[in-house]
Amino acid sequence: MIKVNELNIPTLDDLNFTNSKVMVRVDINSPVDVKNGKLLDDSRIRAHVDTIRELVNKGNSVVLISHQGRPGDNDFTDLSEHSRLLQKYLDLEVEFVDDVMGPYARERIKNMKSGSVILLDNIRFVSEELIEASPLQHSRSFLVKRLSPLFQGYVNDAFATSHRSQASLVGFPLVLRSSAGRVMEREVSALAKVFNEEDSPKIFIMGGGKVLDSLRIIENLVKRRLADRILTGGLIAELFAVAKGLDLGKENLQVLEKVGVLGLVTRARKLLLSGAPVEIPVDFKVEREGKVYEEPANKVNGVIKDIGSATVGIYSSFIRDAKTIVMRGPMGIIEDERFRESSKILLRNSMESPGYLIIGGGHMISLLGGDVNVSSSKMHVSTGGGALLLFLAGEKLPALEALDISAREVLKK
Ligand SMILES: Nc1ncnc2c1ncn2[C@@H]1O[C@H](COP(=O)(O)OP(=O)(O)O)[C@@H](O)[C@H]1O
Ligand SMILES: O=C(OP(=O)(O)O)[C@H](O)COP(=O)(O)O
């Protein structure tokens, strides 16, 4: 069992599925190249290989379900390319079933041989999946009623979607013996460590562009006294610099206004006044007329694109002394090579620090070469974006709650 907050989540070790038919909810939702519809990155597909192989090796037949994109968006595609990539990484035949819960899908599932693998099509082709509803309500959906009688168990390995209360995530655990898969287990155990008092000092390095999300996390971290220091970069650093009264110049205020976050200055100021341990950069890399300059934070003249080298030095000294380090969001506009260095140095120093490191979000992972399977006893790379943020902010994740309900109500029967 993984114990996280007040939840008890069964793992594959607790249920030990053998020679059974098991449904596995994965998150292989991947970025799509809008020009040709091809997948741009397959790290989420690779992440689930261990869970699937383990189940297959124990004689189980495995039926995988996942979503891809949202209806109406460019990345809302079928899962045929995903199945080819899964087959390649698993080195096992993966049958792609171009149906979700109709007679064809049910017939293919009924006729599965032991140790075989099926990938059903995009679960969001089913309208019930698109509603956020309670586990009880979803357990009565057509999706759950049609598919669950074909299975002996359900495994949720989709940590990156665990902040959604959708049928494929919260409905099945109420009617099937259910556990977390290895990705989910790895994610939840590693992230729960952040809440372990003994691993202090805890340092959060927060950058990137999701300013409102970051502010929400910082408010929660402060309220729950989870962070000893919060080192800011990216747009959130600019917000706090303004809140501290620094004059960043018209151009940078315009950037904050354009992304709709200038109105958050008062909230940031309130946090600072309440004694929040938020550090802001002492210098920035700015771009002016196509050239790059490093300038002190109180004398900025140009558009801020990254944190400066004095800040990198100071942040690195905090990193060296930390027991737990969480990194989410880059320090600068890393798409431009000239502004990638600070994030890379902080990432390298965090990896070399004796502290435990958690890295999340697509941009930081891209600095690691897109490999989400590099977790070790010293470091955890999260597959999650929104889910990671919400978990760290102390909010409840519906998919985890559903597994806890399952442990109490289905396993005990
Ligand atoms: N100072 C900055 N000004 C504008 N954008 C920034 C700045 N620093 C970082 N960014 C942008 O933040 C984006 C990444 O942020 P975000 O989506 O929050 O991270 P992640 O994808 O890792 O969760 C990048 O596109 C990067 O260009
Ligand atoms: O990519 C995902 O989330 P993320 O963009 O927060 O990492 C998950 O697959 C959830 O997808 P959704 O946000 O369409 O529910």
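Cβ coordinates come from backbone N, Cα and C, glycine included.
Pulled from TrEMBL, these are the features on record:
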BINDING   Asp27, Ile28, Asn29, Arg44, His67, Gln68, Gly69, Arg70, Arg124, Arg164  substrate binding site
BINDING   Arg44, Arg124, Arg164  (2R)-3-phosphoglycerate binding site
BINDING   Glu335, Gly361, Gly362, His363, Met364  ATP binding site
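Taking the centroid of the Cβ atoms of Arg44, Arg124, Arg164 as the (2R)-3-phosphoglycerate site, the other same-chain residues with Cβ within 8 Å of it are Asp27, Asn29, Ser66, His67, Gln68, Ile123, Ala158, Ala160, Thr161, Gln166. Of all the Cβ atoms in the protein chains shown, 23 others lie within 10 Å of the Cβ of Met364 (ATP binding site). Excluding the listed site residues Glu335, Gly361, Gly362, His363, Met364, the same chain places Gly208, Gly329, Pro330, Ile334, Ile365, Ser366, Leu367 with Cβ atoms within 8 Å of the centre of the ATP site Cβ atoms.
Cβ neighbour count within 10 Å across all protein chains ranks Asp27 highest among the binding-site residues Asp27, Glu335. Using Cα positions, the member of the binding-site residues Asn29, Arg124, Arg164 nearest to Gly362 (ATP binding site) is identified as Asn29. The most densely surrounded of the binding-site residues His67, His363 is His67 (count of other Cβ atoms within 10 A of its Cβ). Mapped onto three states, the DSSP output places Arg124 (substrate binding site) in helix.
Note: the CA-CA distance between Asn29 (substrate binding site) and Arg44 ((2R)-3-phosphoglycerate binding site) rounds to 7 Å. Set side by side, the binding-site residues Arg44, Arg124, Arg164 differ in how many other CB atoms lie within 10 angstroms of their CB, and the most is found at Arg44. Checking the binding-site residues His67, Gly362, Met364 against ligand 1, the ones with a C-beta less than 6 Å from an atom of that molecule are Gly362, Met364. Straight-line distance linking the Cα atoms of Arg164 ((2R)-3-phosphoglycerate binding site) and His67 (substrate binding site), rounded to a whole number, equals 12 Å.
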